[in-house]
Amino acid sequence: MNPAHLLVLSAVCVSLLGASSIPPQPLHLIQFGNMIQCTVPGFLSWIKYADYGCYCGAGGSGTPVDKLDRCCQVHDNCYTQAQKLPACSSIMDSPYVKIYSYDCSERTVTCKADNDECAAFICNCDRVAAHCFAASPYNNNNYNIDTTTRC
């Protein structure tokens, strides 16, 4: 399934739950969404990153439109590196499905020491991205852009 579609499906599921703070769920993209929620609080705050700039969401190409889009480019590159690790060679170790352990406290994400090598790498990709999102301004003009002309 396309990662962007999975993200939208996750958003619908979370919306149906009617909660603004969801504990980590057994699905990686929900975990990443919860990490973003930790660092950028607000009801479903992570949804606004699903179709931002040239790199946030499925795929990515061209030059990032701003600092936030650069966070997504770095995150994409981190996932590419994860897929090259021998420890992440199994289909169940794909960055899009691998489950990992982490904590969220006071807008800070910490990957737990009990993660295996692959889970630790992917958790760190997501942790760095979530903190990068929190440190980067969000420009509504870069949401749902025409990537064929701007990227």
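Every residue, even glycine, has its Cβ placed from backbone N, Cα and C.
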Candidate cysteine (C13, C132) that Swiss-Prot pairs with C71 in a disulfide: C132
Of D76, D93, residue recorded by Swiss-Prot at the Ca(2+) site of Y55, G57, G59: D76
Swiss-Prot annotation, disulfide partner of C72 among C56, C78: C56
Cysteine from C118, C123, C125 that Swiss-Prot links to C78 by a disulfide bond: C125
Between C56 (disulfide bond) and C71 (disulfide bond): CA-CA distance (Å): 8
Cβ-centroid neighbours of Ca(2+) site Y55, G57, G59, D76, 8 Å, sequence order: C54, C56, A58, G60, S61, C72, Q73
The one of G57, G59 whose CB sees the fewest other CB atoms within 10 Å, among these binding-site residues: G59
Spatially closest candidate among Y55, G57, H75, D76, D126, the listed recorded positions, to C118 (disulfide bond) (Cα to Cα): D126
